[in-house]
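According to TrEMBL:
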type	residues	note
TRANSMEM	B:6-22	transmembrane segment
TRANSMEM	B:34-51	transmembrane segment
TRANSMEM	B:57-78	transmembrane segment
TRANSMEM	B:99-120	transmembrane segment
TRANSMEM	B:169-188	transmembrane segment
TRANSMEM	B:218-239	transmembrane segment
TRANSMEM	B:251-281	transmembrane segment
TRANSMEM	B:301-320	transmembrane segment
Amino acid sequence: MTLLKTDHITMRFGGLTAVKEFNLEINKGEIVALIGPNGAGKTTAFNMITGVYRPTEGQIFFNNQEITGLKSHDITKRGMARTFQNIRLFKELSVLDNVFIANHLHLKANLLQAVGGKMYPDFLDKLWQPKYKREEKEILEKSYMLLEKVGLLDQKDEKATSLPYGLQRKLEIARALATNPQLLLLDEPAAGMNPKETNDLTGFIRQIREDFDLTIFLIEHHMQVVMDISDRIYVLDYGITIAEGNPYEIQNNQRVVEAYLGVSEDA
Amino acid sequence: MKKRNIILTISCIALLALFIWYADGSFDSYQKRILNLCAIYVILGLSMNLINGFTGLFSLGHAGFMAVGAYTTALLTMTPESKAATFFLEPIAAPLANITMPFFMALLLGGLLSAFVAFLIGAPTLRLKGDYLAIATLGFSEIIRIIFTNTQNITNGPLGLKSIPNFTNLWWSFGTMIFTLVVMIALINSSYGKAFKAIREDEIAAESMGINLFQHKVMSFVIGAFFAGIGGGLLGNLLGAINPMMFRFILTFNVLLIIVLGGMGSVTGTVISAFVVTSGLEYLRVLDESINLGFIKFEGIAGLRMVVFSTLLMIVVIFFRNGLMGTKEFGWDKFFNFFNRRPFSKKGVGQ
């Protein structure tokens with residue numbers, strides 16, 4: 001079943017065409033990678049899909065519904081979450097709060113119920129518990145579960161920026177998972193990780209796919225990770241899709257090799 | 001909230017009530033007025049801190065919201081006779097002339113009207129960011145003041161309102177202060193407050209996590225304006241006379257001074273700083289008068305006390321960028337932790 005489909009999406013910034021007629025199809029449960037040299041338009045493609053940019057042309061479908069031009073928060077609500085290339089955590093807030101906030105979009109209590117619920121003393125809970133407090137307890141339990149999954153439960157009260165780089169990446173993933181996504185978009189999850197962390201990452205991504213029944217779409221420069229993990233790969237170069245296929249096909253595709261290494265003189 | 005903390009908080013409020021009861025009976029009117037002002041500035045500081053400190057919206061429209069609250073409350077509490085006496089240039093518009101309602105209702109309506117105005121202003125301006133938002137809100141606050149200067153038959157124009165009943169006393173101002181404090185603390189610790197903070201930290205990330213930026217910004221702006229309106233209402237009925245000139249930018253600046261000194265994003269910092277700044281502005285009046293040290297005599301310079309605060313603000317901005325408390329809070333748990341983990345206590349050495 002197709003989960004995400006883009007139909008000839010194009011993004012132009014003035015005279016520059018960052019992405020041209022990009023066609024993507026991701027099926028449920030797949031891990032799909034998007035690769036390409038620097039400046040190929042990978043993050044632009046991500047930004048169009050997640051609603052940061054509105055594509056100049058073309059349409060995007062998620063779960064067979066058109067999401068072209070919707071705002072990011074609307075798209076996230078429909079079940080798509082992302083991480084960022086240059087980590088964007090809520091820096092001054094605690095690790096726990098970072099994950100807690102990502103649950104906010106599913107909160108049913110309104111503002112008054114939330115403020116009232118917060119004022120309600122704990123020791124009266126046995127008599128009657130406000131709706132908001134029940135919800136908050138569920139959110140906290142879920143947040144603890146997610147933090148345990150990524151191995152950050154012990155650091156839950158620390159400031160997000162005090163974590164080492166690799167753990168900040170994991171926290172970003174945990175935060176994205178808290179929005180209950182069907183599709184998770186990872187923008188260079190291995191960037192800045194050391195070889196050991198990179199090795200662990202592949203297993204970690206497979207693990208969360210199993211545990212949360214996810215479909216994953218990722219941008220990655222680390223070829224070992226990409227070839228190891230992906231079911232299918234799309235290759236972009238100067239905004240144009242130059243190849244599409246499984247890792248074996250991509251590794252042996254002449255145009256991909258040229259895009260990455262350049263054309264040899266005597267070819 | 002934990003049981004111990006609730007008991008401690010309630011006993012603190014009881015102590016405060018006892019103090020107010022004592023102050024109400026035995027302080028002179030000057031001291032009472034300073035205390036009232038302190039409490040009102042706490043309300044104003046908290047409301048501005050919600051918008052600027054917690055949600056990260058650089059808004060400078062506070063004086064406008066206060067003006068709406070102050071005028072509404074004043075007009076709704078004045079008696080028909082005093083209204084007739086005040087509006088001698090042009091009679092007051094018909095329905096307002098005979099309405100008089102209890103102080104509580106008037107305050108509430110003042111807050112609600114101010115919130116409504118904030119909603120109208122927020123809808124277009126909250127799409128702006130940073131300094132653009134600051135300029136736009138500042139402009140709207142001035143527009144409100146100009147409108148009030150020119151609507152002779154509603155606000156009595158530049159002459160202002162006089163003989164507003166002095167309903168604001170220590171009980172009203174401190175009671176409202178406690179109410180504002182409780183609501184603010186509950187709000188910023190709730191899921192909504194955390195969403196506000198997320199917007200402050202990173203708008204793009206917050207939106208990607210499913211937070212509707214515009215809706216939450218308007219929410220914060222409107223709640224802030226509601227309490228600013230109530231603060232303005234209390235102020236008007238404390239002073240007994242208001243005019244549009246009172247609600248110039250300098251009033252916004254005073255509240256901004258309080259939250260910057262206390263820490264953008266700290267409730268306790270705002271409370272401490274509101275008391276220090278408000279009483280400081282009064283007690284430093286000594287500097288404005290001539291000082292005689294016996295061997296040397298300084299001529300008084302009017303406005304010297306403002307120099308002290310400007311210098312203080314400069315020092316804070318250069319050396320303590322986050323103000324007194326930063327985004328930290330003072331709470332009972334912290335208070336007890338502080339005593340429990342003293343390095344030289346037996347527990348600390350033993351482990």
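From the backbone N, Cα and C atoms, a Cβ is placed for every residue, glycine too.
Bear in mind that TrEMBL entries carry predicted annotations, made automatically and left uncurated.
By the count of Cβ pairs under 8 Å, the stretch nearest in packing to the transmembrane segment (B:251-281) among B:34-51, B:57-78, B:169-188, B:301-320 is B:34-51. Against the transmembrane segment (B:169-188), the recorded stretches B:6-22, B:34-51, B:99-120, B:218-239, B:301-320 differ in Cβ pairs under 8 Å, and the greatest number is found for B:34-51.
Residues 170-171, 174, 178, 332 of the same chain, all 6+ positions outside the transmembrane segment (B:6-22), place their C-beta atoms under 8 angstroms from a C-beta of that stretch.
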